[in-house]
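Presented below is the structure to which this report refers.
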Amino acid sequence: MSLLATLRTMAFQSRASRPALRALYSTSGPVDGEPQPKARTGRKEVAPEVIENTKKLQREIENMDLVPLGQQSNLNELEKQDNEMKRQLKLYKEIVQMRKLKPISPSMRWWRRPIYPYLHKGGPIRQLTVPKKKRGGRNHHGRITVRHQGGGHKRRIRIVDFYRFEEGEQHVVRIEYDPNRSAHIALLENKTTGGLSYIPACVGMREGDVVESFRSGIPQRIMDKMGGQTDPSILAAHTARKGNCLPMSMIPLGTVIHNIGITKIGPAKFCRAAGTYGRLYEKLPDKNKAVVRLRSGEYRYVSLEACATIGVASNPAHQHQSLGKAGRSRNLGIRPTVRGLAMNNVDHPHGGGRGKSKGNKHSQSPWGVLAKGGYKTRRGKNVNRMLVKDRPRGKEKR
């Protein structure tokens, strides 16, 4: 008998003996005194105290003190609160629950995504969306003006209300995922008119909450509660709540805010991305301006009647997700970023040559603008007049 025939016979005998072995092991009961092996679930066991601490920190982050008491706030206390918020948001990476897959391929091994049990499973309201026409980063001449864009899944743009001029109490119907932004959005229903609208959600906002916009003025029912007098502390207790939109003049000093506007009738411009927030530091009634501190550390002027929403922008765990492979970036409409050193001489100042050498050239962009120092755009008459203190750069950030 040949070697191949012998191996085939042995394999057939082993397959034939498998049912008997299964029956043998299934009928044999456990041996007394011997520890039984635990079933492999693919997940690590977490101690109960770790789970309890995780839930406690989760509640602390969602119920952070966003509005300090009184109108006068100590700057040192505000800095301490900022440091505490940064510490809690750093710990958020440890407490957030990430969805993982069994690593049967490299792309599945490194894929991570936060779990959002409160998100709506269905699609958006069709009437509140418009189709998005993709242009691949090209202008009306067909030339690429924004690189690394193109392809991706078909999307519909959600019409998000950044003005918040609508009066009356609004009921949060649900929290939805928006593919066009990093933060989540909330579907609101006006209790009086029944109209639907989308707004950016804040941390801790859930289905069933009630929010309101006071940008058009103070409602009569709140004036009746205060006895016809506008005491700032009592007014803040009725209006400065999470998710409410107020003008800067009605917000107490030191309040944590997001969706910050610039002008009196303009939309929200700053702190709209996931997990971002600012803080109201000073009011200047004689100049009709307020000073806010942005997430980057920049202090700038805004109008005293500009809008802002109380709280932190939703989805602070967005930065902890991992796409796992290049194909998921392509699904998001992001094309590859090629190094200038890997290009030809005609395509980039660093391209060409023999070997991996850019030659005796300083680091620069594809159009010849120096990277270290660069081309100054904010000089002379183009300086930002609304800037109080620039964000820390270089060694100042350390």
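Placed from the backbone N, Cα and C atoms, the Cβ positions cover glycine too.
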Looking at 23-46, 311-334, which one does TrEMBL call region 'Disordered'?
23-46
Average the per-residue pLDDT over the domain 'Large ribosomal subunit protein uL2 RNA-binding' (137-213) and send me the rounded value.
95
Counting only residues 6+ away from its ends, which parts of the chain sit with a Cβ under 8 Å from the compositional bias 'Basic and acidic residues' (387-398)?
291, 294, 296-301
